[in-house]
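Engineer: Before I ask anything, here is the structure I am working with.
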Amino acid sequence: MAEQLTITAPDDWHVHLRDEEMLERVVAYTARCFRRAIVMPNLRPPVTTVDAARSYRDRILSACPEGVAFTPLMTAYLTDNSDPDDLERGFQEGVYTAAKLYPANATTNSAAGVTDLDQIGRVLSRMEAIGMPLLIHGEVTDADVDVFDREAVFIERHLKSLRTRHPELKVVFEHITTEQAVDYVGSSDRNLAATITPHHLQINRNSMFLGGLRSDFYCLPVVKRERHRLALRRAATSGDPRFFLGTDSAPHPRAGKETSCGCAGIFNAPFALESYAQVFAEEEAMHHLEGFASLHGPAFYGLPANNDTVTLEKVAVDVPELVNGLVPFHAGETLPWRLQPCM
């Protein structure tokens, strides 16, 4: 019998499910193994109101396979003009789980994001007062800052001062990519956590150029030097409850990736848990996978852990070149663990 690991069913604390036809193509892969997911609001137009979030949630549920137990956790897209009252209403009514801060033009569909943190001071104070978490894409967008330094600069220029002004605000530093981010989160005593993606644990910036330009490895924040990847692996597998799973699975049509100006995003949902399992096995930390994938996130958000389980088995699984017409992370590779029941 193959070696097995049974854990509390996991959640994905950062995913892009898109909308319309793309939503129909991808949502089943997230719902396959994650019971809940924090859904990003950067649609066109973005999800900026309670009514828009409620409508989007309904579309997600309609697109889910019949009989699948999956709960989308909705987020509000913050702008310079976000209304604190609308945010509070959505949070109190259980429509919003959190609010998302995109610095304007930092990533896909972020043009309507926040241009200056001073513009949303009232919003952040209200969120702090009601216990509504703030999710941050932590990069500066200044033209004079190297793209590989944008996360580290964001910590120094913005995140430290934001947390000083709002010490009771719960903050998730999303999809961290650097040693500096690991150290900053690890030195914080409360109200700060971070999500880590499978691709930032698996590849470094050399991977984007291995044998040519690998557009399917282009994401934002971009993958970094090897020392940063190793720091992320240490954090993820450490058992530290401040770090938890967030895939940042971000699908794009092949025509949008394989072009002269390709889109940022890696579609990792189909084999996300298998990818994380490979990392934890390589780091001899399988005993910490349940915490990272299933327990730390709910604890930070003040939610109960799921009451069912999933089982991984040490049986090789071949990742296809295409999944529903999209290129998945690990395309053409073999992963050593698979989720039961397999796809």
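Sequential numbering from 1, following the chain as shown.
Placed from the backbone N, Cα and C atoms, the Cβ positions cover glycine too.
Straight from Swiss-Prot, here's the annotation block:
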- D248: active site (ACT_SITE)
- H14, H16, K100, D248: Zn(2+) 1 binding site (BINDING)
- H16, L17, R18, N42, H137, L220, H252, A264: substrate binding site (BINDING)
- K100, H137, H175: Zn(2+) 2 binding site (BINDING)
- K100: N6-carboxylysine (MOD_RES)
Engineer: What's the CA to CA span in angstrom from L17 (substrate binding site) over to D248 (active site)?
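Structural biologist: With distance taken Cα to Cα, D248 (active site) is 10 Å from L17 (substrate binding site).
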Engineer: Using Cα-Cα distances with a 10 Å cut-off, which of the binding-site residues H16, R18, N42, K100, H252, A264 are near H175 (Zn(2+) 2 binding site)?
Structural biologist: none
Engineer: Could you check what DSSP calls K100 (Zn(2+) 1 binding site) once collapsed to helix, strand or coil?
Structural biologist: strand
Engineer: Highest Cβ count within 10 Å among the binding-site residues L17, L220, A264: which residue is it?
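Structural biologist: That would be L17, with the most Cβ atoms nearby.
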Engineer: Cβ within 8 angstroms of the Cβ centroid of K100, H137, H175: which residues besides those meet this for the Zn(2+) 2 site?
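Structural biologist: Output for this site, in sequence order: H14, M40, L101, Y102, T107, L135, I136, G138, E174, D248.
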Engineer: In sequence order, which same-chain residues at least six apart have a C-beta under 8 angstroms from H14 (Zn(2+) 1 binding site)?
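Structural biologist: In sequence order, the residues whose Cβ lies under 8 Å from that of H14 (Zn(2+) 1 binding site) (at least 6 apart) are I38, M40, L135, E174, H175, T195, T197, G246, T247, D248.
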Engineer: I need the CA-to-CA distance for L220 (substrate binding site) versus H16 (Zn(2+) 1 binding site), whole Å please.
Structural biologist: 13
Engineer: Check H14 (Zn(2+) 1 binding site) against DSSP and tell me helix, strand or coil, would you?
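Structural biologist: For H14 (Zn(2+) 1 binding site) - judged by DSSP and reduced to three states - the answer is strand.
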